[in-house]
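One structure is given below, encoded as structure tokens.
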Amino acid sequence: MEKEKDTQSGIGHVSGQANEPLSRPAHALDSERVVHELETNATTGLTPEVAAQRLAEYGPNDLGKEKGVQPLQIFIAQVVNAMTLVLILALAASFAIQSWIEGGVLGAMILINIVIGFYQDLQAQRTIASLNSLNSPSARVVRGGVSSTVDATTLVPGDILELKTGDVVPADARILECVNLEAEEAALTGESVPSRKDPEITFANGSDSDGSWDDVGPGDRLNVVFSSTTITKGRGRAVVFATGMFTEIGAIAAALRDQDRGTRKIKRDEHGRASPQDYVMFALGRVWDIIGEFLGVTVGTPLQRKLSKLFLIIFGLAIICAIIILAANEFAPRNDVIIYAIATAIGTLPITLILVLTITMAAGTKVMVNRHVLVRNMRSLEALGGVTNICSDKTGTLTQGKMVTRMAWLPGRGTYTVNVTNDPYNPEAGDVEFSQIQPKDIGDGTTTSKVSPIEEGESHPSLRAFLDVANLANLATVKKASDNEEGDPDSTETRWITQGDPTEIAIQVFAARFGRNIHTRPSFDDAEWNQLVEFPFDSSVKKMSVLVQSKTSGEVHVLTKGAVERVVNSCVQMTATDGAAVQITEDLKAEILSNMEALARRGLRVLAFATRTSPRSVSNEEARKGSLQREEFESDLVFRGLIGIYDPPRPESRPSVFKCHQAGIGVHMLTGDHPETARTIAREVGILPSRMELLRQDIAKNIVMTAAEFDNLTDEEIDQLPELPLVVARCAPSTKVRMIDALHRRGRYVAMTGDGVNDSPSLHRADVGIAMGLGGSDVAKSASDIVLSDDNFASILNAVEEGRRIFDNVQKFMLHVLAANVCFVTALLIGLVYKDKSGISIFQITPIEILYMLLVAGAFTETGLGFESASPDILRRPPESLKHGVITPEFLADLVVYGLLMAVCVIVSFVSVLFGWYDGYLGNNCNLRWSESCNGVFRARSTAFTVMMWMFLFFAWELVDARRSFFDGMFSNTRTWANRLWINPFLFWSVVIGFISIFPTLYIPVLNTKVFLHAGIDKEWGVVFAVTALFFLGAEAWKWAKRVYLRRNNLMLGKKVGLGEEDLEARVFQRFYNSESEK
């Protein structure tokens, strides 16, 4: 146990050392020595068994900050809060005036509220904690010779990391090899410029004067990458030597462990002194922090804070109502008057509001995980329902991300067409056809001939040069592996394994098809070339190049691929018919671009290949230090050809885009592809209308734009566009930010997808930032609000639908509790006019009845409403207005109508019985005890209580759909209608049990007359049924009136409105055809 403590605590740790000290700090040893001392293998890494043993020995790779779910704190929070305090004050007042029954019921209510709140909040916190674990950082690690993604907390010393641009380094690691690797270490070192890494450096002497390596600070350790820093450029491999509290960031965390960074600090001057005024302001601030946290107005999500403030406002109204009741009874010091005031105050308060909101949001996050959406920011749950525009990438989101090379054009040679199979990564599957015709001239009747790609690759010099680029200017790997190698010892089958970017995989598979892979052509020498330098893809130049040296001739060659326009502009020559190079003229450049557009119109993503002999020799020192400028080498190139890669749209993308149209959400495609490729895919998935020729001329010319065209416009010019472009091609990260700003200026609420490091600004700027879970960088994920675990556009729609469902459910349970509060207050205040002979107002509903209804018919049904599934038309209506939040004009209208309707029903039931059968006789002291003179009052109360209970319960079912009739389909499709009630069991049984529970309160002796102060009823049941029917009639009439109004104002679709793609497209793009616009 002592050893475990020493290897996990980080106490006494030396900077730069491993969890178990090496002979020297890692930066003072060469990489081979570090690998040796850590007892690992630089190629295959640790075995899974050794990794598990070390994880048990060293503990998880975290900083020990997460405390997890703490039941005691949750319990204390249930007791020490504003709502419980109000109920305790009411309890104390009840006992003070010796109202033992009311006090006992209040005490039971407080206890039940705490128990239910504790259990539900505990479950909610556990749900959120489990979802947070899904959001934990990941790392690419080699174990047992297999590269895989693992949870970063499972890393141990000796693991081999694979790092690339955008990764957040998960642990301190000694670099083994790298290409142009740079890391942003400002959080650790304070240095704003990224640190360039060099694995060959060894700080064995540190300071030349005394031979010590201790003088080398973290910022100078160029052969080490540090935990929590970000890879901003390049790629590499490194061996982990320190995890958890033994990392440099762990040492900082340990130093800060005893400091509470969440509390206020006293403002001090440069000498560390504070004035008396500073101390006063600090004290006032701390008091406000405590009060604000207690009241809930400074903690939680924006919606939780709003509801806490709403509770405080209602609490103020409750006090006013209590004062009115006391004043109406001339402040008589009678127990029944005081308890009447207390009951009115409690009946005014939305007791379950905050609790049900917490439960609803926790349940929503859990549902989202099942729909491939991970929530990083709870605020986004509230925001998703208001999204009006989605800006999405194309590759891997709208498309499958399983790219395959379909065509390749070599000038002077011809066009190769690949007929692929269902196994896109198998270079041995499918046929290759060849035609000497250029892509722009290929038609349906073009004749082609099948060729042997291996023979082609060996026979034609121009093709060999083309394949050199495809194979070497490429970071992807394609290899054949048996299932035996992959962990299945009983299998002899083989399959193709790929790793890398989908675009590069497609190109590498194409190269392998033509023999540039040892598995497709055993004679292939993959060590013929020595890579010197890599210039990684840069969104500003849209090119990627490598410098390679032939091991036979010693010549250095530049191999470049990238966006066609950028590569062609860097070329001065191109391959001619005889294989020789000719000067590129404007006519030849136009021919290249014409062929590119021909490929793009087929929906292919088109890249250009080019080569040249290096303008000069490159020394190993220059290559290692990365001092070469790409501009020097990426010029005067020889154009080698075009390659067309097909990424088919996901089958679910088109239906999802049309559902967005149906939901009033505009969809924009922001992609790095060529405009024609983007246009083709956008039309296929429904982002663009199918009949582009019908568009207004001023819209048609801007509906598809390039980033250069969009960025050349000023903000004023963008705002003058009748419609913002639906497709932006050749998109740069800065263009995404400008698009978001343009949408914001038009009052839109924007969700933006992103996956790269450069997407962080746009993800931050968007109202809802959406990162890709599979292909996204760690930086993009950390900047996002939600993460798609499957990188699928359909999952964005799932998130929006779930956001709207949560928004709806919050409105439902808020309306349920607040309408009941309006009913109670209205009925009790009007009831002040019913005074007995002593001048005391008589309860229409007793305090016990109110408390019973709030608990039985309120708390449980409102929790059930929080679990309610989405209404059928949730994606057939416009986005919610975030200007109003959950308290929309429709919500306020519903609140007034339903609250007054229920109040009228309660008053009518009480008056009908009291004045219909008992001549309005109010008896004597009927607020305190039963007597024969109170028979009429007690029966009228029972009637009003039963009506209110039934209305309160059935009102929950009416709110399942705020607009559709509760009886819709009851007779035409009874089974479906019944399933609609049963689909939410919690709500169903809450209503049923609440309905049944009325009868014991009416007919059990003592319980009825002594506790509830009402009596059993018989003929009064006729009033109960009649008034309940009146409530249903009023509620259904109100819903009908809303439907009529909303349909006439195009805010709701009718049942018979067409939902086919043609109907939707006509409706969505109508303003594109006439004079209207979105401005």
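Residue 1 is the first one shown; counting continues down the chain.
Glycine is no exception: its Cβ is also placed from the backbone N, Cα and C atoms.
Over in TrEMBL, the protein carries these features:
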type	residues	note
DOMAIN	25-99	domain 'Cation-transporting P-type ATPase N-terminal'
REGION	1-25	region 'Disordered'
REGION	190-212	region 'Disordered'
REGION	438-457	region 'Disordered'
TRANSMEM	74-97	transmembrane segment
TRANSMEM	103-119	transmembrane segment
TRANSMEM	310-332	transmembrane segment
TRANSMEM	338-363	transmembrane segment
TRANSMEM	813-834	transmembrane segment
TRANSMEM	850-870	transmembrane segment
TRANSMEM	891-918	transmembrane segment
TRANSMEM	938-960	transmembrane segment
TRANSMEM	981-1003	transmembrane segment
TRANSMEM	1023-1041	transmembrane segment
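If you count C-beta pairs under 8 angstroms between the transmembrane segment (813-834) and each of 338-363, 850-870, 1023-1041, the highest count goes to 338-363. Panel annotation: around the transmembrane segment (1023-1041), residues 894, 897-898, 901-902, 905, 908-909, 912-913, 916, 943, 946-947, 950-951, 954-955, 958, 962-967, 1017 of the same chain, lying at least six beyond its termini, place a Cβ under 8 Å from a Cβ of the stretch.
Long-range contacts of the transmembrane segment (981-1003) within the same chain: residues 852, 856-857, 860-861, 863-865, 867-869, 942, 945-946, 949-950, 952-954, 956-957, 960, 1012, 1014-1017, each at least 6 residues beyond the stretch ends and with a Cβ under 8 Å from a Cβ of the stretch. For the region 'Disordered' (438-457), same-chain residues at least 6 beyond its ends with a Cβ under 8 Å from one of its own Cβ atoms are 407, 409, 414-417, 431-432, 463-464, 467, 513-516, 520-521, 591, 594-595, 597-599, 642, 644.
Between the transmembrane segment (938-960) and the transmembrane segment (850-870) there are 3 or more Cβ pairs closer than 8 Å, counting only residues 6 or more apart in sequence, so the two stretches are in contact. If one looks beyond the transmembrane segment (850-870) by at least 6 residues along the same chain, the residues whose Cβ comes under 8 Å of a Cβ in the stretch are 102, 105-106, 109, 112-113, 116, 120, 343, 346-347, 351-352, 355-357, 359-360, 363, 801-802, 804-805, 808-810, 812-813, 816-817, 820, 824, 945, 948-949, 952-953, 956, 959-960, 983-984, 986-988, 990-991, 993-994, 997, 1001, 1012.
Helix first, then strand, then coil: DSSP counts for the region 'Disordered' (438-457) stand at 8 helix, 3 strand, 9 coil. Averaged over the domain 'Cation-transporting P-type ATPase N-terminal' (25-99), the predicted model has a pLDDT of 80.
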